[in-house]
Amino acid sequence: MTAPVRVGLLGCGRIARLAHLGALSRLRDVNLVALAEADPRRRAEASRRAPAATTLADYRELLDMPDVEAVIVALPPSLHADAAITALERGKHVYLEKPMALNLAEGARVLAAWRRSGLVGMIGFNYRFNHLYEAARERICAGRLGELVIARSVFSTSIRPMPDWEQTRARGGGALLSLGSHHIDLVRFLLSREIRDVSASWRTQRTEHDTAVLQLRLDDGVLVQSFFSLSGVEEDRVEIYGQAGKLTVDRSLSLAVEISPTTQRYARARQLARTLRAARGIPHAIDKIMSPGREPSYRAALAHFAAAVRFGRRATPDFCDGYLSLAVVDAAEQCATTGSWVSLADPLDAGLEMVAASSAAGQGASRRPCGVADA
Ligand SMILES: NC(=O)c1ccc[n+]([C@@H]2O[C@H](COP(=O)([O-])OP(=O)(O)OC[C@H]3O[C@@H](n4cnc5c(N)ncnc54)[C@H](O)[C@@H]3O)[C@@H](O)[C@H]2O)c1
């Protein structure tokens, strides 16, 4: 039997309360030994939920603790780069919530610190661990949709109270960074292709750039159109059209991945068969209802991180994936400002060279071919 990984949690705000605290306390391979939270009320609440953990007011104090092996960074994005780099320099493995950093310059510094350290660096693109997206990727890789044509996605939330940082881009807010970064990663994960060209526009209503439309051209020409909003209706949906069918995943509502044929022939019979097949998704639905934050992928992503730390394995998605998502957000922001398409050739090639170098060193590999499972 191996000893549990001694973990520190940096930031006990909304997502830590909804997802990380519950998931970490349930994982048998993890021992939550310390937590840091600046807000006294949140700190007291987190301490009640993890009474054995040392409770601190500032994340830097936690990074001074020699017996913390690994940290989960759930701080506002403006602190991600400093927290991750300091943790790596002190020999601690890092699970870093998305977005990796506020901008590409900070992202590159995190990437460099990670590569120097040889430690596990995982980015919080937890939706890769959602059963529905895993199943969707398998089906796409197996060629169930035939040659791909276009993909369409929506990630939108209803109006909810937002922390100050999420209301301005300079502090890490806006729909592209908050929501878009997840779907940009999912496009790479689901379709096993890289993003080449980007076009975007945005709108400010309640908070800065709270709605955005993004268009991507992938390296083989597949087109992707995405809509992100922090001021809309709750929806997280991906539709992928191929010459042999259409795949749909609604992360909140689907019980199973749905593949529709290209024609409406025998539509009713197919609908009935689909309903019966969907019953197989009930275990997923129960898992979802029982999960902290109603999203099982947080727990699965943290379990993957803990296993990578304990057994010295690679964790994916890694900081190269975080950097590539940030490069697309950066290009989208340039487009939204100038109104023209931006080619990602330079940052993408630089990012992919880093991916290749870290794969060769046994560290990261985001561009796995279909069918190659994570270590
Ligand atoms: N993976 C996902 O799906 C997902 C979902 C939501 C949020 N996030 C990310 O998680 C991070 C946190 O988001 P949130 O919604 O919980 O924000 P939040 O503002 O609710 O939480 C951040 C917490 O950090 C604390 N903090 C600030 N400075 C600190 C310091 N010096 N030391 C200790 N604590 C400090 C704040 O008091 C706050 O409680 C963000 O980067 C966000 O993008 C990821």
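Cβ from N, Cα, C; glycine included.
Some features that TrEMBL has for this protein:
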- 5-124: domain 'Gfo/Idh/MocA-like oxidoreductase N-terminal' (DOMAIN)
- 133-247: domain 'GFO/IDH/MocA-like oxidoreductase' (DOMAIN)
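DSSP places the residues of the domain 'Gfo/Idh/MocA-like oxidoreductase N-terminal' (5-124) in helix, strand and coil in these numbers: 55 helix, 27 strand, 38 coil.
In the domain 'GFO/IDH/MocA-like oxidoreductase' (133-247), helix, strand and coil residues by DSSP number 33 helix, 44 strand, 38 coil. Across the domain 'Gfo/Idh/MocA-like oxidoreductase N-terminal' (5-124), the prediction's mean pLDDT works out to 97.
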